[in-house]
């Protein structure tokens with residue numbers, strides 16, 4: 001039976017992960033793929049199997065990966081698998097997120113960028129790590145692969161659209177589309193408010209014209225000559241009343257507000 005052998009390495013404590021806002025990474029859209037990604041490689045090592053899982057944290061420390069050191073953005077865990085028994089963790093390699101990074105652009109293909117951690121202490125060894133963020137404009141999913149692990153250096157590749165350079169023109173275009181959407185929303189809002197006012201005006205006009213019509217009928221004025229006179233007079237009266245109503249609304253609302261605020265103020269003053 002294998003005894004649990006735990007090699008646990010952590011570097012200086014820190015809370016900062018791979019800084020996607022750094023000037024080297026600003027031109028990429030890595031913030032859109034923020035999160036933790038893992039890749040496992042199982043090989044037969046009779047009488048057991050060995051599972052090596054590497055995880056990376058993009059724009060934030062690695063989360064929800066058991067046994068990974070706190071505040072690490074690159075982490076490798078080696079487990080021994082034996083049928084009928086619980087996995088035994090034999091190695092834990094953690095690259096703290098505060099380790100000084102080195103950056104190198106990728107010239108081949110559609111480009112990308114390499115993030116490097118160099119000479120990280122792990123027991124008696126120094127370990128290097130490289131994450132190749134490779135631009136793939138046709139990628140439908142984000143693809144993490146383990147390209148190399150020889151006990152001294154680990155090389156991981158991450159293919160994604162997020163690793164493609166976004167030009168200033170495209171950024172302005174996206175901002176322009178957002179502004180157009182905001183303008184359209186404002187126009188829709190303004191149109192809705194305008195139609196609301198027209199609806200109320202129409203209701204008032206119909207109401208007053210109905211009153212006028214009833215008044216004409218009550219007076220018994222049904223001749224053609226008398227109708228225009230009463231119509232013009234009533235219409236003028238309706239318009240004047242409607243204008244007076246609109247003018248009185250602000251003072252009416254102000255009076256209501258003053259009643260509430262005034263009574264509240266007096267109550268506070270009396271209490272003092």
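Even glycines carry a Cβ here, placed using N, Cα and C.
According to Swiss-Prot, the feature disulfide bond maps to 20-59, 68-75, 135-164, an assignment based on sequence analysis. Residues or ranges marked as domain 'MRH' by Swiss-Prot: 18-166. Look at Swiss-Prot and you will find 1-17 tagged as signal peptide. As annotated by Swiss-Prot, topological domain 'Lumenal' applies to 18-193, with the evidence given as sequence analysis. Residues or ranges marked as topological domain 'Cytoplasmic' by Swiss-Prot: 215-272. Residues or ranges marked as transmembrane segment by Swiss-Prot on the basis of sequence analysis: 194-214.
Annotated features taken from Swiss-Prot, shown on the structure.
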{"residue": "20", "record": "disulfide bond", "CB count, 10 Å": "19"}
{"residue": "59", "record": "disulfide bond", "CB count, 10 Å": "17"}
{"residue": "68", "record": "disulfide bond", "CB count, 10 Å": "24"}
{"residue": "75", "record": "disulfide bond", "CB count, 10 Å": "24"}
{"residue": "135", "record": "disulfide bond", "CB count, 10 Å": "19"}
{"residue": "164", "record": "disulfide bond", "CB count, 10 Å": "19"}
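The residues of the domain 'MRH' (18-166), classed with DSSP into helix (H, G, I), strand (E, B) and coil, number 7 helix, 83 strand, 59 coil.
Residue 135 (disulfide bond) is 23 Å away from residue 75 (disulfide bond) when you measure Cα to Cα. Taken as a whole, the domain 'MRH' (18-166) shows an average pLDDT of 91 in this prediction. Closest to residue 20 (disulfide bond) in space, going by CA atoms and restricting to the disulfide-bonded residues 68, 135, 164, is 164.
Between the C-alpha atoms of residue 164 (disulfide bond) and residue 68 (disulfide bond), the distance comes to 29 Å. Spacing of residue 135 (disulfide bond) relative to residue 68 (disulfide bond) is 28 Å (Cα to Cα, whole number).
Taking the C-alpha positions, the distance from residue 59 (disulfide bond) to residue 68 (disulfide bond) comes to 17 Å.
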